[in-house]
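Here the structure comes first, spelled out in structure tokens, and everything after it is commentary.
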Amino acid sequence: MTSKILQELLKSTAFLGVLLLIGLYLRAKISLFRRFLVPASVIGGFLGLLLGPEVLGLTGYSPISPEWNKTWSLLAGILVVPMFAGIPLGNFVKKKRLDPQENRKEAAKIAIVSGIASGAFGFQIILGVGLPLLFMAFIPGLEFYNQFGYEICQGFNGGHGMAGAIGSLLMEGGASYWELSQGVLTTFATIGLLGGILLGVMIINRAAAKGETAFLKGSASLPTEDTYGFTKEINKQGQMGRETTQSAAIEPLTVHLAIILADCGLAYYLRGLFVKYQIIGLQDVPVWPYALLLMYAVNYGIQKLHLEWMIDVKIKNHICGIFADFSIIAAIASMPIRAVLDYILPILVISAAGFVLVYYTTIKMFQYFLPDSYPFERGILSFGINTGVMMTGATLLKICDPNFDSPVMTDYSLSYAIRQVIELVSTPIMYAILVKGTAMDMLKFGIIYTVCCYLIAFIGKKLYGSPRKEKMRETVLAE
């Protein structure tokens, strides 16, 4: 490696920084971007795509060289490693005592939320790979690359940040279509983000008119403070976090970043061992899941050593956010748009079916499983998350529950532990199938995965009991 390579990396990353700032400016100035809460990284990414060799380059001139474009496509897959590695850091376990009856009810709700949230992901796998298989069965001569359509479950649930992750996985697995798949996933993520907000507000308005919302009594609208992405009033601006160390010794940001990067280094080393010794199943898993798992161990060690004071979750989240912003903009700006356009019709069909599917597997499911415990609020949170990102779901929930008075957000956060266990078991299998298997293999996996998720939800419903039966028990006891 020479200094020239590092200089080119710095210059190409600096250009991404300029695009991010332009994206922030355009969001503040264009009401359409504000209305759909489009992040600056997405706006800047599409601007970079238009200025790149895939679009403007067709005229014979582009300020973005093909080398920069290639660097960005690789950068997206690399930056997701520290982005995911930081997720568990600072999430320390706090013990809480509940009486047995309350404990059973709470555990039941968490199981239901976990099963429905993960089950919606499973249904998207089935839809994503199932529809293309159906198309090819009934349309002679129609062909797609292996497991086309799977990207909807990652794009709708994980957003643009997953583009680099899946692209990295396929690249490391030797798939020649990894850049195309990364671009298709980015397209699904964009459709999911915009459609999730638009349809979410429409669904809230319809529910409010029918009296299904617990708090909202009028028409829904997005909070003004969330649409611009910033506030000029200094006294209303939030704090990045607390200073866990003295800058004279070491910067707090440096401490958090050092822990995250050290974890990433261990993850690369661990995966290298699995590849070297050809450990079946583990050698096909990309680096970032290992970084995520290792951080759980690191986080546990920090807690056991009573060093929790050294970690501030806000600071950690901001660091991960930086990696996410640059990963997203790099993935979008380097998208092979001409190749993706060849797939645009099936992408739109799968996306339309996906929105309908998510509606029934979130909002309708919560009305069945938890009819007496804020079913609509739980459903709209999951609808937003399962079509966009956590921010989409939280924004939609804030519209119909402005002060977060319901336990919906808390319960969803608590269900994260169960969903992590599900993912720890299923993710290596799913990614091994994605790299080595066929669309039919992935379809079978999706069916088994969904059945297991709903088994958890039904166990939760059994423990929770029906509202009518609960009242009957109370009446009998009173007599």
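Placement of Cβ uses the backbone N, Cα and C atoms for every residue, glycine included.
Just so you know, TrEMBL annotations never went through curation; they're auto-generated.
The transmembrane segment annotation in TrEMBL covers 12-28 (among others).
Annotation comment: TrEMBL describes 35-52 (among others) as transmembrane segment.
The feature transmembrane segment is assigned by TrEMBL to 72-89 (among others).
Under the heading transmembrane segment, TrEMBL lists 110-139 (among others).
Residues or ranges marked as transmembrane segment by TrEMBL: 184-204 (among others).
Long-range contacts of the transmembrane segment (249-270) within its own chain (CB-CB distance under 8 A, at least 6 residues past either end) are made by residues 81-82, 85-86, 89, 241-243, 287-288, 290-291, 294-295, 298, 310-312, 315-316, 319-320. Residues or ranges marked as transmembrane segment by TrEMBL: 249-270 (among others).
Under the heading transmembrane segment, TrEMBL lists 290-307 (among others). Counting same-chain residues at least six beyond the ends of the transmembrane segment (290-307), those with a Cβ under 8 angstroms from any Cβ of the stretch are 81-82, 84-93, 259-260, 263-264, 266-267, 270-271, 424.
As annotated by TrEMBL, transmembrane segment applies to 319-337 (among others).
TrEMBL lists 343-360 (among others) with the feature transmembrane segment.
According to TrEMBL, the feature transmembrane segment maps to 380-399 (among others).
Under the heading transmembrane segment, TrEMBL lists 446-464 (among others). Same-chain neighbours of the transmembrane segment (446-464): 104-105, 107-112, 114-116, 118-119, 121-123, 125-126, 129-130, 365, 369-370, 418, 422, 426, 430, counting only residues six or more beyond its ends whose CB sits under 8 Å from a CB of the stretch.
Proximity of the transmembrane segment (35-52) to the transmembrane segment (184-204) is established through 3 or more Cβ-Cβ distances under 8 Å for residue pairs spaced 6 or more apart. Just going by CB pairs under 8 A, the stretch in 72-89, 319-337, 343-360 that sits most against the transmembrane segment (184-204) is 343-360. With a cut-off of 8 Å on Cβ pairs spaced 6 or more residues apart, the transmembrane segment (110-139) and the transmembrane segment (343-360) reach 3 or more such pairs and are scored as touching.
Here the transmembrane segment (12-28) has long-range neighbours at 34, 38-45, 47-48, 63-64, 67-68, 71-72, 75, 228-230, 325-326, 329-330, 333, meaning same-chain residues at least 6 beyond its ends whose C-beta is under 8 angstroms from one of its own. Only residues 6 or more beyond the boundaries of the transmembrane segment (380-399), in the same chain, are considered here, and those with a CB under 8 A from a CB of the stretch are 37, 113, 116-117, 120-121, 124, 156-159, 161, 192-193, 195-197, 199-201, 203-204, 207, 216, 220-223, 226, 354-355, 358-359, 361-363, 366, 408-409, 412.
Tertiary neighbourhood of the transmembrane segment (319-337): same-chain residues 13, 16, 19-20, 23, 39-42, 44-49, 52, 54-55, 64, 69-70, 72-73, 75-76, 79-80, 82-83, 86-87, 159-161, 163-164, 167, 179-180, 182-183, 186-187, 253, 256-257, 260, selected by CB-CB distance under 8 Å and a gap of 6+ residues from either end.
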